[in-house]
């Protein structure tokens, strides 16, 4: 590709995306090995409570750290913030691999802190080092790494023992599962400490470090194309300045009426995404399959691993849909299909109608429908609709409701049954369809200034 050092761009992009791999891996790692951890740490009758609490540690930590990530990005840059995140994440992985309930919980929380920073830093860093002409190719890297991470997390648990946990020494392999992403973080840390010593060109330009900006642009562009890189960030800076004038502070975002629709759309979609039940599926799929499959933990892990593969396939399929169809119809059509899937899951998981094959098909279809709508179209829509501060609020709300669903789902299942949980998700999706028909605006094929003018009523 003329004028672009494509090999350098891909190498840097892949190393940045390791952060997203670690975030999603941490979300899914505890899913299939909870019984093994519980036995080693002797949780006994507190098992279900501890599983719910420690499953929540990742989104809880991410909720806290995501609220300060903007400040870190401004002060330390993208590379510096990523290095700091790696240190926190590595410590979390080390602690969570130790055979102690206290250290396990603390480690999970620190991994959540690091993961929340990963979640916000890597997309910004990736976007700013990628030339516009390569954006369509490197952009999907994050989604692909997210999907691969679940496959790896679910796959590693397949080799854990499924019975006789106390006497099987291989039961302790769960520690390796939790230390594994720490090793990737060490590799990423080494890369950014000793090999890639430059930040994004935009951060350097924002801080008046022209020579450093020139240096990283020379890493990405051929000499004859350097001006393209400078113009790219110059034009984007104008847009950014316009956004900053529109949204001076968080106070104005919440108090000035013209931002109400933007904030309402972002917050409501963040809540809807979690009330669709997706993280109940990813955090507790092994337990769900175990309940539906007659307490066969080995097969439950296999079904969970297959779910990871389906998620990967769905992620790839969803990419061309975003180019062809509008964001609003993709989101709404997904809600319809997700609602039907949840109704069928509620029916098939009822003790009187228990049907493992029907449940498996519905769950895998649910993952497929979610991937193109409330994952791909959802985040694309929000990034196009919201200014930075509104997007930060939306992300925080999303993580907060992730915590609510993660800690609440097992208690609802134990008290009212798993079919009730699925019917509840279907009811939430039914209500969300009316909201999205009424309030969402279409953003496809519109520039940021056009979207802002439309959403702010200018």
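The backbone N, Cα and C atoms fix where each Cβ goes, and this holds for glycine too.
The annotation domain 'Major facilitator superfamily (MFS) profile' is assigned in TrEMBL to 12-444.
Per TrEMBL, the feature transmembrane segment maps to 9-30 (among others).
Annotation source TrEMBL lists transmembrane segment at 50-73 (among others).
The transmembrane segment annotation in TrEMBL covers 80-99 (among others).
Under the heading transmembrane segment, TrEMBL lists 105-126 (among others).
Beyond its flanks by at least six residues, the transmembrane segment (138-160) meets 9-10, 13-14, 17-18, 20-25, 27-29, 31-33, 36, 122-123, 126, 130, 170-171, 173-174, 176-177, 180, 282, 286, 301-302, 304-305, 307-309, 311-312, 315-316, 318-319, 375-376 of its own chain at Cβ-Cβ distances under 8 Å. Residues or ranges marked as transmembrane segment in TrEMBL: 138-160 (among others).
TrEMBL lists 172-194 (among others) with the feature transmembrane segment.
TrEMBL lists 267-286 (among others) with the feature transmembrane segment. Among residues of the same chain six or more beyond the transmembrane segment (267-286), those with a C-beta under 8 A of the stretch's C-beta atoms are 27-28, 30-32, 34, 55, 59, 150, 157, 297, 300-301, 303-304, 307, 331, 335, 338, 342, 363, 366-367, 370, 374-375, 378, 381-382, 393-395, 397-398, 401-402, 404-406, 409-410, 421-422, 425, 428-429, 432, 435-436, 439-440.
According to TrEMBL, the transmembrane segment annotation covers 298-322 (among others). Sequence-remote contacts of a segment are chain residues at least 6 beyond its ends whose Cβ falls under 8 Å from one of its Cβ atoms, and for the transmembrane segment (298-322) they are 28, 31-32, 140, 143-144, 146-148, 150-151, 153-155, 157-158, 160, 162, 281, 285-287, 289-290, 330, 360, 363-364, 367-368, 370-372, 375-377, 380.
The transmembrane segment annotation in TrEMBL covers 329-348 (among others).
Residues 143, 269, 272-273, 276, 278, 281, 285, 288-289, 292-294, 303, 306-307, 310-311, 313-315, 317-319, 321-322, 327, 330-331, 333-335, 337-338, 341-342, 344-345, 348 of the same chain, all 6+ positions outside the transmembrane segment (354-379), place their C-beta atoms under 8 angstroms from a C-beta of that stretch. If you look up TrEMBL, you'll see 354-379 (among others) marked as transmembrane segment.
With a threshold of 8 Å between CB atoms, the same-chain residues lying at least 6 positions outside the transmembrane segment (391-412) that come near it are 48, 51-53, 55-56, 59-60, 62-63, 66-67, 69-70, 116, 119-120, 250, 253, 263, 266-267, 269-271, 273-275, 277, 279-280, 283-284, 287, 382-383, 420-421, 424. As annotated by TrEMBL, transmembrane segment applies to 391-412 (among others).
Here the transmembrane segment (418-438) has Cβ contacts under 8 Å with residues 268-269, 272, 275-277, 280, 288, 291-292, 328, 331-332, 335-336, 338-340, 342-343, 345-347, 349-351, 409, 412 of the same chain, all six or more residues outside its ends. The transmembrane segment annotation in TrEMBL covers 418-438 (among others).
Sequence-remote contacts of a segment are chain residues at least 6 beyond its ends whose Cβ falls under 8 Å from one of its Cβ atoms, and for the transmembrane segment (9-30) they are 37, 51, 54-55, 58-59, 62, 82, 85, 89, 108, 111-112, 114-115, 118-119, 121-122, 125-126, 129-131, 134, 138, 141-142, 145-146, 148-150, 152-154, 156, 177-178, 180-181, 184-185, 187-188, 191-192, 196, 219-220, 279, 282-283, 308. Taking residue pairs at least 6 apart in sequence, the transmembrane segment (329-348) and the transmembrane segment (50-73) share fewer than three C-beta contacts under 8 angstroms. Pairs of Cβ atoms less than 8 Å apart link the transmembrane segment (172-194) most often to 80-99, out of 80-99, 105-126, 329-348. Sequence-distant contacts of the transmembrane segment (105-126) (same chain, at least 6 residues past either end, Cβ-Cβ under 8 Å): 13, 16-17, 19-20, 22-23, 26-27, 30, 53-54, 57-66, 69-70, 72-73, 78-79, 81-82, 84-86, 88-98, 138-139, 141-142, 178, 181, 185, 200, 392, 395, 399.
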